[in-house]
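Enquirer: The structure that follows is given in the form of structure tokens.
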Amino acid sequence: MLGLGADRLRADMNRLLALLFHQGVLDEQFLQLQQLQDETSPNFVSEVVNIYFHESEKLLRNLRGLLMDREFSDYKKMGIHLNQFMGSSSSIGAKRVRNVCVAFRAASEQNNRAGCLRALELVEHEYCYLKNKLHELFQLEQQRVLAAGVRYPIQN
Amino acid sequence: MTVEPRVEDPNDQFPIGMRVLAVDDDPTCLRLLDTLLRRCQYHVTTTSQAITALKMLRENKNQFDLVISDVHMPDMDGFKLLELVGLEMDLPVIMLSANDDPKLVMKGITHGACDYLLKPVRIEQLKNIWQHVIRRRRFDPRDQNNSDSRDKWRQGPGEGGQGSTEPGNPDHGKLNKKRKDQNEDDDEENDENGHDNEDPSTQKKPRVVWSVELHRKFVAAVNQLGIDRAVPKKILDLMNVEKLTRENVASHLQKYRLYLKRISCVANQQANMVAALGSTDSTYLHSLNGLGNFYNLSGSGQLPNSTFRSFPPSGMLGRLNTPSGMGMHCLSSSEMVQLGHLQNSSNPINNGGKFQPVLLPGNQNGIILQGMPMSLELEQLQHNKGIIRVGELSTAIGDSTVFPASSGFPDTKMTSSRSSSSLLVAANSPLMLQGHSQENQRRGGLRNQNSATLLNTELPSSFPDHGRCNDNWSTAVQPSGIQSSSFPLSDCFKQATLHPSNLRDNISSVTLQSGTNLRDVSCVTSMPPPLPDSRTDLECQAMTISGNSVKIMNYSPKVWDDHKQKLSHHSSLGCSSTNSLIPAPGVMGTFDQGLDLKNTISDRNMDFNLMGESNFVNPLPMQQNAVEESASDTALQLKQGCTLGQRKPQSSYASNNVGSLEDLVSAMMKQVRLSSFIFKVFC
């Protein structure tokens, strides 16, 4: 029974992944991450993604702080944060997040504060969506592992 | 003494176990990089601080084989780290960034990065980074020359195989160095292609230089066999030159064929232009004719000799003398073709690889406008400094000395081409330019100068006299017919400042004429909205032609004069100045010509500079491929000549440019608007 559960969970996971790919939330870079996961680094994907979440939240907070400041003028600093955020997002395969960052960068290069604010909101929105979905994915994964790990002793 | 068993030497399994130091302040990327590198079986050390990385590197210089570093780091700029590592430890450094801005990539390359990767990094890319270690080890003891020669060599034999028209080698090499993303791929390709390079003896294999003489023989052989039936083996036999291989001939033949094709197109265009022009400026026409004659002369039946100028001599001469005798008009199709050939021929001859135009077997009207030959002649004219009679042109041309052939051609040829050169001069500006463009490898400066002189000398009557010899270019430019723009050499452009109105006319005429040869011309035409300033025009032209050097040239005729003294210098000066001036794309941007070509030019220049190879290719994004090729060739020539003092291309692009730039700037600063501007940008 539980075995079936594991299969079902895996199916759910795959379905979720397929959806995310279809929506463009993730791209093949994420697959690369998954491929790097093996016996030597069994939780690689979740580790990296958690690092990503942690860093990204810091960056997004910084960005918002900068833009909220009425006397904000340091676009260069914002560009640095943004650049790092873009780098890490693309590294884990967060395609939509990265794409809205591109728009953000364009607005920043034009010193367009209103545009930056709008872009920031978009980024935050995409980021939240990504985070939720990835959490969901990891939960499924965890359950699957648990489910697959359970074995009923074979009884004659 | 016991021989100790060698426990597996990590180096033996290279690239497995290659020791990499990864530096990135972003923990996500660092973690990912770490895992990726381990997956490639490298030995990885990571740090998020550049300062820590430097400390580690300094502790033990032999601790690492390769460094991968992010560009944007809080404690230290990635480029700074790159420089320091390169200087102190001389390790290959790969830059990593999420930003694909070409300016940054350029900066990375100029600071010495051996590669520039974009995030997200893929494992396939990391699997190849070990090549940089090998490459550096291999070529480090030898200096840049080796790599350059390796590139050249690699490309040399390759040309035969490929049908590429462009001055293959320089382009190839440069492009490779330029592209950031593709660097690895390109490198890989090069490595694969140049397997023989591994062998030291092959690496040093000298490239065959197609000198004027050689090319003449080649063309003679081809004509003897008939262009359709000319096969490398037979050509080789007919030429009877030692140390020439069938492959050399084959590749040269390919180029020649392409050149012929180009010429025929150009000739057509030129004929049209001449026709158009003929009505306006008789002098110009004269010059055109003269040029044509020149070409013809050289060509009349002596194709081999005048490979460059296959203009039918006799007919042309007559034409030259008559104001209306626009050779152009008379150009028959065959002539046209020949002209085209001529044009091309001048280039190839000079360059060694370029194809020399097919000699006009005897077209009478061979209006050589094509310009290529002109340039040759022009150069010669410069030397001659005499006023060449139109009639003489034909004779002069006959000697085919006109070709500014790479080897010191101008000097010798000048005399012969005196008459022709004068004629050429008149019309030369456009023609010359063409020629120049064609002459890719010609000495950049020489050509320009020659043309300039030619122009100057020639058009005493029609063109303002600027100071002939030295100002050949300028005078040349001046003459209405002179299409300063066509001078690929920057020198020419400088001269161009002489007559704004003329220039403009010239430009337009050049445009008309030059067809393919005049890259500049086409550039001119395609250039952005009319430049109000003649100088600007010149600049534009220059830009198009020699890419940036021309601009500079325009501005300081004085400087040029000095330079003119030494032909080679001239070109080099012009070239270097231009080239160096334009190195940065940013610099280009400063030109307010509005030329779209700017960036292209600068890019090209940069490429050129970066490459440091004599095969500088195409500085200008010419519209026509032919032109481009010639332009690039010219630029190449220029570049070669240009590096003031023949500075060897240095690995550091910036330093190279700056050096020459400084020289140039100091010389021209006051006068040259651009140079000062560039200087500012540069500094």
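Yeah, the Cβs are placed from backbone N, Cα and C, and that goes for glycine too.
Automatic, uncurated: that is what TrEMBL annotation is.
In case it's useful when we look at the structure, here is the feature table from TrEMBL:
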MOD_RES   B:Asp70  4-aspartylphosphate
REGION    B:141-207  region 'Disordered'
COMPBIAS  B:141-154  compositional bias 'Basic and acidic residues'
COMPBIAS  B:192-202  compositional bias 'Basic and acidic residues'
DOMAIN    B:202-261  domain 'HTH myb-type'
Enquirer: When you measure from the Cβ of B:Asp70 (4-aspartylphosphate), how many other Cβ atoms are you left with inside 10 Å?
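Expert: I count 25 other Cβ atoms within 10 Å of it.
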Enquirer: Could you count the residues of the domain 'HTH myb-type' (B:202-261) that DSSP puts in helix, in strand and in coil?
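Expert: Helix, strand, coil within the domain 'HTH myb-type' (B:202-261): 40 helix, 0 strand, 20 coil.
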Enquirer: Would you mind giving the whole-number mean pLDDT across the domain 'HTH myb-type' (B:202-261)?
Expert: 80
Enquirer: Using DSSP and three states only, what is the residue listed as '4-aspartylphosphate'?
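Expert: Strand, per DSSP.
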